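Enquirer: Take a look at what TrEMBL says about it:
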- A:Asp4: active site (ACT_SITE)
- A:Asp4, A:Asp138: Mg(2+) 1 binding site (BINDING)
- A:Glu65: active site (ACT_SITE)
- A:Glu65: Mg(2+) 2 binding site (BINDING)
- A:Asp138: active site (ACT_SITE)
2 protein chains.
Amino acid sequence: MGIDPGLTRCGLSVVQAGRGREVLPVAVGVVRTPTGEELPDRLLRLSNAVNEWMDDYRPDVVAVERVFERGNVSTVIHTAHASGVLVLAAAQRGIPVHMYTPSEVKKAVSGNGRADKRQMTSMITRILGLSEPPKPADAADALALAVCHCWRAPLLARTAALLNSGGDPS
Amino acid sequence: MGIDPGLTRCGLSVVQAGRGREVLPVAVGVVRTPTGEELPDRLLRLSNAVNEWMDDYRPDVVAVERVFERGNVSTVIHTAHASGVLVLAAAQRGIPVHMYTPSEVKKAVSGNGRADKRQMTSMITRILGLSEPPKPADAADALALAVCHCWRAPLLARTAALLNSGGDPS
């Protein structure tokens, strides 16, 4: 499951890792909460929505975008509030959470840590064999996070195994 | 209940509003989560702790410090993650949440929006009739939030009633 956290718009996606680099799309969507509502009500809506997705799709692992120190500080604070609630939902179910920065996702999916939105959407559409580009951007970002984790998971697993056996992962 | 949100240290307090400006202390404490742990585990610990407090004390209302755009951005992001989880706990129980900025709390409790920590701790100790100053600072801040709300609640209620009746609250 890939999550692009946000309070006004939060992207959610579910994919299935196939053989090698094959990744199959399962579901994608955006949860919105009304900007006119108070923070507690908005966080409750978001928490209920992500818990419904987790009930429906029972993900093995969740990839979440790490909240980053960029842009408007008040937006960053809202996104961090939302992210806390989303990460908590996974933790309460014992689902492992992996966090990636936007540039890690771009690099993993397109090979370029500075790829723009158009390049990323086009890569995601091709990788997942979608008939049309996912919209809005938050949905595409949630799919990119999920693909990023599918492709990095085998490397992370090998690194962890080497570290556990006392070997050198480099 | 007053909450001074934080991921490493979170202040929690419970008070009982008495007659006029009388406020009685009920409980105060600090929840800590290990800095070496991953974010999901820390948020789960914090959520479990605040839910235990809410089970034990069944607060009528919760006052939480609003996360503010000051200081280290990465600390602000951590505090906002924690705050999301704390506010959610109240929202899930249908407990009203009121948010106050640090200067609103200082002004309400000491009459001075720029009061320093020492002044605030001394005011809180006197207002609540404590035998010694509350420690650490997060505990004192949580008590100050609770006192701030007790003193502002009657005004907020009158304002809401006037607005509902179509009157002018000024």
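Residue positions begin at 1 at the first shown residue.
For all residues, glycine too, the Cβ spot is worked out from N, Cα and C.
Values in this document were obtained by computation on a predicted structure and should not be read as measured data.
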Enquirer: Return the count of C-beta atoms lying within 10 angstroms of the C-beta of A:Asp4 (active site), excluding that atom itself.
Expert: 28
Enquirer: For A:Glu65 (active site), which residues in the same chain are close in space, meaning a Cβ under 8 Å from its Cβ, but six or more apart along the sequence?
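Expert: Non-local contacts for A:Glu65 (active site): A:Ile3, A:Asp4, A:Pro5, A:Ser83, A:Met99, A:Tyr100, A:Thr101, A:Pro102, A:Val105, A:Asp141, A:Leu145.
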Enquirer: Any same-chain residues 6+ apart from A:Asp138 (Mg(2+) 1 binding site) with CB under 8 Å of its CB? Would you list them in sequence order, or say none?
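Expert: Same-chain residues close to A:Asp138 (Mg(2+) 1 binding site) (Cβ under 8 Å, separated by 6 or more) are A:Asp4, A:Gly6, A:Arg9, A:Cys10, A:Gly11, A:Val30.
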Enquirer: Where does A:Glu65 (active site) sit by DSSP, helix, strand or coil?
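Expert: It is in a strand.
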Enquirer: Indicate whether A:Asp138 (Mg(2+) 1 binding site) is helix, strand or coil by DSSP.
Expert: helix
